[in-house]
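K.L.:
My questions will all concern the structure given below.
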Amino acid sequence: MDFDAVTIALFLAAGVRLCLPVALAALGEAVSERAGVFTIGLEGLMLFGAVASAVGLAMTGSPLMALVIGTGGGAAAAFVLALGTVLARANQIVMGIGFNLLAIGATSLIRQLVLTNAPPTGSLRTVTMMKLPWLADLPVVGRAFFSQSPVFYLAVVIAVLLWAMLRYSRLGLVLRAVGENAAATDAAGLPVLPIRMGAAVFTGVMAGLGGATLCIVASGGTFVDNMTAGRGYLAIAIAIFARWKPVRVMLVAFVLGLLEALQFQGQYLGIQIATPLLMAAPFVVALIAWIAIGRAGAAPADLGRPFLRGELR
Amino acid sequence: MSAPIIKCDHVSKRYPNGFLALENVTVDLYPGEIHALLGENGAGKSTLMNILYGVHEPTGGGLLLNGREVRHTRPGDAIANGIGMVHQHFKLVMPFTVAENLALVAKGAARARLRRHADVRTFMAEFGIELDPGAVLGDLPLALQQRVEILKALVNESRILLLDEPSTILAPSEVGALYDTLRRIRDRGTAVAVVTHNVDEVLANADRYTVLRRGRTVGTGHIAGADADALVELIVGRSVATGSRIGPYRTGGEPRLVLAGVSIRPGRGSPGLSNVDLELRAGEVVGVAGVEGNGQTELFELLAGQRLPDQGRITLPKAVALVPQDRHHEGLSLDLPVSQNLLYSEIMRRRYRRAGLLDHAAIGNRAEAMIEAADIRTRSHATPARALSGGNQQKIVLARAMAEDAPVIAVYQPTRGLDVAAAEAVLARLAEAADRGTTVVMISSNIEELIRVSDRIVVLNGGRVTGEVSGAGMVIEKIGPLMTRAVAPGKEGVAHG
């Protein structure tokens, strides 16, 4: 096999494109898990984000507005989910799975009721491609990383900001403390439940943006039933596998994106692996991540444990 | 002395389950004093602390801060009013560093004051504490974690510092250093309130004391001129109206269960066990007395085979029948019928099977016989255990343990929550078992019933056996000091009647 620069650049670029929705959701999941909230409902949040963005596109005709509305849809759905998992202390796993099942039906219903017309045929160019001046002209990496959707640049900025927030800011300290020892944080007079609510809604923002990106940037603005197809679960696995570190989340997601890209570009690269195997690859990696959590010493100690003051520990 | 900085003014607390934990308790805390709150378990000390700190709200009376009435509905209110609390179970984030744990609680000006590690060092030095601000909490020994817990309570310029049983997790040699720190804090004008059950510790270190018993204040005063014996009597009460002795005093036969130099590391707000020697013999009731949380749980877990000693040797017989402290979680499956609860340690035996399946007729017959013998009041053997009263539930656990015919039976707080008649029945069954040659170990915080049924009593205090009394020597005047006073190793009190 012989690789030329263009093939490799296109392969890398495809990896970035494919990982973007998952990476965004995984960043959100990392934050909520750091705060002790296991957002199993991530898949559903992405779906709500996707359908909201499709509705937004139909209503406004603006892809940018569609992304904003999709993000808002994810946040609103996350707020409702968090009312159950955080405030009402419902079992986070059961509630999350139920929420995901609900999301499949609810988003399909919204599609049938609202999205009856064909999607607007206007240009989505503004959100699919933004060449960064100078950087885009670099060989290989220019085409791979600097001729991407503006959402990708936003994701990188968010990842770096989250890293700095978690590591250096007071908000990050408090957020991590809530996830490690909610009772201690409460005893320090800090508001455990509002912080967890905030983290859960932020996860909705990121999952909503991820779903909107999937719909608007990656799928030409068309919402298809259950179009996330397990990406939410994959994002959860990525967050865990990356040890809840935002920059690592981006890297792990990118590697999985490359695995997915092999499905489409493997033949150009001369790799002969059965497509079904390639399609399964990201999920196999996710399975390994799930096994890894079993011996994850670094997992937030209060992850998945609802907080109730005065509860014996 | 000046005016009290905070006053618990005729405070009462009735929990939602109806338990009256505090009744009309008044305690004053003055700036610049170390005030000891003494009492046994269940005396209400921790409840009082939690009311001051806003974890619980009083159901009667209130708090006066500098003479003004205040309400603490959550810890944030108490912190805002200058109260810091050192919990028995540390409220520390173990994966965080010392500096991060302090930063977490720091507010406003204090936050700015602790920005850099050098600032944190300076802050700690004010209290004579030297620690690496970058050290991860989980890597520090318990005594140092406790210092961080204290510092945390002081970060926001607290004027009142509450400590819940700070000495229980410490080795005797570490207690002095703790009070050195507390004296420095006191000398800055802070009111320091310490919950403890150790009289000698109080006499050596406190300025004033208040004794609580069964939710009431039974004494308060200055340490200067206070007398150890009088304090002990205030804590455990006079030896009045102890019920009559159940059965004669027995002398044990051959040894059945031996602990030799057994130690368990301290942790989770418990002192563990240190260097415990114990020999349990056939046909005797050995009582284990002590204020709760002095190593009893570890001892029971050792007897149950649920854990191994960190040091020393334990020789267990083939089987030990168990009556655990928490019958709802460890003793019963509440939703299973009485019959299965009675038989689940022997239900796999052949006689309860027919053609490889459970023989419910045989199980039912056996259960009926046990229900009859143990006088368990239930509608039928098929009734779920949940439907029975606490006393009858405990009879199930006890009957099952007895039926195992194990050489040793270990019971932990066997009469807790039972009414008088049910408690009497439990004690009588234990005495009968010993008469038949069984070794009975009874861990209880109820001294009176220990005296009535035991042949000898060993006392656990701070994870060590501080003494043993037997026969007519088992009187509250001898047991009380062993429970509540520091006893130097090697000078254990022994009394025989």
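Even glycines carry a Cβ here, placed using N, Cα and C.
According to TrEMBL, the protein carries these features:
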- A:6-28: transmembrane segment (TRANSMEM)
- A:35-58: transmembrane segment (TRANSMEM)
- A:64-86: transmembrane segment (TRANSMEM)
- A:93-114: transmembrane segment (TRANSMEM)
- A:145-166: transmembrane segment (TRANSMEM)
- A:199-221: transmembrane segment (TRANSMEM)
- A:233-259: transmembrane segment (TRANSMEM)
- A:271-293: transmembrane segment (TRANSMEM)
K.L.:
What residues elsewhere in the chain lie close to the transmembrane segment (A:35-58), defined as a C-beta under 8 angstroms and at least 6 residues from its ends?
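P.N.:
Counting only partners 6 or more residues beyond its ends, the transmembrane segment (A:35-58) has Cβ contacts under 8 Å with 21, 25, 28-29, 65-74, 76-78, 81-82, 85-86, 92-93, 95-97, 99-104, 106-107, 110-111, 114-115, 117, 119-120, 175-176, 178-180, 182, 195-196, 199-200, 203-204, 207-212, 214-216, 221-223, 226-228, 230-233, 235-236, 300, 302-305, 307.
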K.L.:
So if I exclude everything within five residues of the ends of the transmembrane segment (A:64-86), which remaining residues of that chain have a CB under 8 angstroms from its CBs? That is, six or more out.
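P.N.:
37-39, 41, 44-46, 48-57, 92, 95-96, 99, 103, 126-127, 151, 193, 196-197, 200-201, 203-213, 215-217, 221, 306.
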K.L.:
Take the transmembrane segment (A:145-166) and find every residue of the same chain, 6 or more past its ends, with a Cβ under 8 Å from one of its Cβ atoms.
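P.N.:
Residues 12-13, 16-17, 20, 23-24, 27, 30-31, 34, 67, 126-132, 135-136, 138, 172, 175-176, 206, 209, 213, 217, 245-247, 249-250 contact the transmembrane segment (A:145-166) from elsewhere in the chain.
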K.L.:
Are there residues at least six beyond either end of the transmembrane segment (A:6-28) with Cβ under 8 Å to its Cβ atoms? List them, or say none.
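P.N.:
Tertiary neighbours of the transmembrane segment (A:6-28) are 39, 42, 45-46, 140-145, 147-149, 151-152, 155, 158-159, 162, 202-207, 209-211, 213-214, 217-218, 228, 231-232, 234-236, 238-239, 242, 246, 249-250, 252-258, 260-261, 264-265, 268-269.
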